[in-house]
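Undergrad: First, the structure itself, so that you have it in front of you.
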Amino acid sequence: MELLADVSLLAGEDRIIGEPDAVHGAVYKEVIYVCPFNGAVKGKVLITNYRLYFRSSDTVSPDWTRRHTHSWGAALPVCVCVLTCLVCVDMRNLRFALKQEGHSRRDIFDLLSRYAFPLSSGLPLFAFVTQEKYAESGWSVYKALEEFRRQGLPNNKWRISFANANYDLCDTYPTVLVVPFQSQEEDLKRVSAFRSRGRIPVLSWIHRENKAVITRCSQPLVGMSGKRNKDDERYLDQIREANDTTKLTIFDARPSVNAVANKATGGGYEGDEYQNAELIFLDIQNIHVMRESLKKLKDIVYPNVEESHWLSSLESTHWLEHVKLVLSGAIQVADRVSSGKSVVVHCSDGWDRTAQLTSLAMLMLDCHYRTLRGFQVLIEKEWISFGHKFASRIGHGDKNHADQDRSPIFVQFIDCVWQMTRQFPTAFEFNEHLLLTILDHLYSCRFGTFLYNCESVRDQHEVKSRTVSLWSLVNSKTDIYLNPFYTPESGRVLYPVASMRHLELWVTYYIRWNPRIRHQSPVEQRYKELLALRDECLKKLEQLQLSDSSSPSEQLTHLHTPF
């Protein structure tokens, strides 16, 4: 019993009551963890309403034990089979062997199913149960009006619209929209009727100098008959005229063949009738292709990595190829805007590939989004506020793991961000640890940040008042997420090299559970040491500048930096 008695639980996290115990009130099941690296390891598991915690009774390193604490999110099982195998979303499969004592295996299976999939079991997500408290509310990080004011909006070409205040115009869009100054509210309604899901073209970002904009939307409802909508055509022309762009560039994220095929289901693309526009297809595959690609990647990284066929195996997953196409598309968007040309970006419904392209392009163009808080704003605005379907793509608390709506679109975006941080190591204020934390809590259901599909549904569930934001955690200890090599550069546009020769597999995320791959010393520890060293050097420099006791040449001899 003492093996798990000292486990520190989160506020609101409860041990699951099984057979009553006079001391601890919970049963710690004796199991054998079939570790793919160390073989069979004896120990006990504790199941709470948030995680499964395994601790070995054998002699193993503290680091090994730490790696086998599994929250329902970071290791959320998407399938439970043979009662002892957990297939997890963080690239692991966990296997346990239990003694045949009555119905003990069935007991654990039932507990895992119940608390790993709370929504399917009629239970609340952990975010609504946790009682964690932080000094700052992360919900205040992003306020739409403040962010648009930072960009210099509204102005004489663009206005703030509250036509969607009650989600009547589009139920998956936010309440605050920026639209062309010339447009009327009735125009917006007519355009909404011609765009999939009512997701009309609205401004995401404006260039302060040349006034070129990034606008986002969904596909037009052209259909097989090639329907036209004069209001939609005029509306896109208003976007073009706002900064006197000669030709409005429309970036369609899809392969052209997919866009043509979508006509059969009532969708389509902007044809020749949009006379002052040029259409460019970016050839990024759909959610189903991305899902299968990540599955293939998982197969080659866990539990074994075959060195002899590694490169060919990685190539066969096509994961880096998809990352390349997303980055390449975002570069094209950023380049057009940087050269003074306004763009429209869409895919089918405008909440998957569209969000990837707009957010990455904005990360390249705007140094504010490369800061710790600016990156939080970017995610809140382009992904959460504009209705990326987190609930459908991730499947929070839902046992239907075969749902075809599931797809790692946001994971792929974070991977693209990581690729940029590798190519520009001094351009980002945040470090890799932030990206890992974001992805872990994308699945954890510990915070309300990534719950549900859109803003209107979050309002219905009172997410901001009943749950804690992930940014509350991040901003409560920012030092562990800071990049010690960060050098602010205002106005610099980043153009990463979207070439297979320059892209890497994100080992620290995809293969982090393999002890043979892990780095010798944790990255975050090195960051802490460098940040402390930087602060020490800055403090010494400040003291020297204030000191009059010696000459400048003598002062500098006291300043030694290991950099």
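Backbone N, Cα and C atoms are what each Cβ position is placed from, and that goes for glycine too.
Feature list, courtesy of TrEMBL:
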type	residues	note
ACT_SITE	Cys347	active site, phosphocysteine intermediate
BINDING	Asn286, Ile287, Cys347, Ser348, Asp349, Gly350, Trp351, Asp352, Arg353	substrate binding site
DOMAIN	138-510	domain 'Myotubularin phosphatase'
DOMAIN	317-363	domain 'Tyrosine specific protein phosphatases'
Undergrad: How many of the residues that make up the domain 'Tyrosine specific protein phosphatases' (317-363) does DSSP mark as helix, as strand and as coil?
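TA: Split into helix, strand and coil, the domain 'Tyrosine specific protein phosphatases' (317-363) gives 32 helix, 4 strand, 11 coil.
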Undergrad: Non-local Cβ contacts of Asp349 (substrate binding site) (under 8 Å, 6 or more apart, same chain)?
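TA: When sequence neighbours closer than 6 are ignored, Asp349 (substrate binding site) has Ser196, Arg197, Arg199, Ser218, Gln219 within Cβ distance under 8 Å.
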Undergrad: Please report the distance from the Cα of Cys347 (active site, phosphocysteine intermediate) to the Cα of Asn286 (substrate binding site), rounded to the nearest angstrom.
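TA: For Cys347 (active site, phosphocysteine intermediate) versus Asn286 (substrate binding site), the Cα atoms are 9 Å apart.
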Undergrad: Same chain, not part of Asn286, Ile287, Cys347, Ser348, Asp349, Gly350, Trp351, Asp352, Arg353: whose C-beta falls within 8 angstroms of the C-beta centre of the substrate site? Give them in sequence order.
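TA: Near the substrate site, the remaining chain residues are Ala253, Thr354, Ile409.
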Undergrad: Looking at the domain 'Tyrosine specific protein phosphatases' (317-363) alone, can you tell me the average pLDDT?
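TA: Here the predicted model's pLDDT, averaged over the domain 'Tyrosine specific protein phosphatases' (317-363), is 98.
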Undergrad: If you skip the near sequence neighbours and keep only those at least six away, which residues in the chain come within under 8 angstroms of Arg353 (substrate binding site), Cβ to Cβ?
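TA: Non-local contacts for Arg353 (substrate binding site): Ala253, Arg254, Leu282, Ile284, Val326, Gly329, Cys347, Ile409.
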Undergrad: Between any two of Asn286, Ile287, Cys347, Ser348, Asp349, Gly350, Trp351, Asp352, Arg353, the residues recorded as binding substrate, what is the biggest Cα to Cα distance in Å?
TA: 12
Undergrad: Tell me which residues of the chain lie with their Cβ under 8 angstroms from that of Asn286 (substrate binding site), as long as they are six or more apart in sequence?
TA: Arg254, Asn258, Ser348
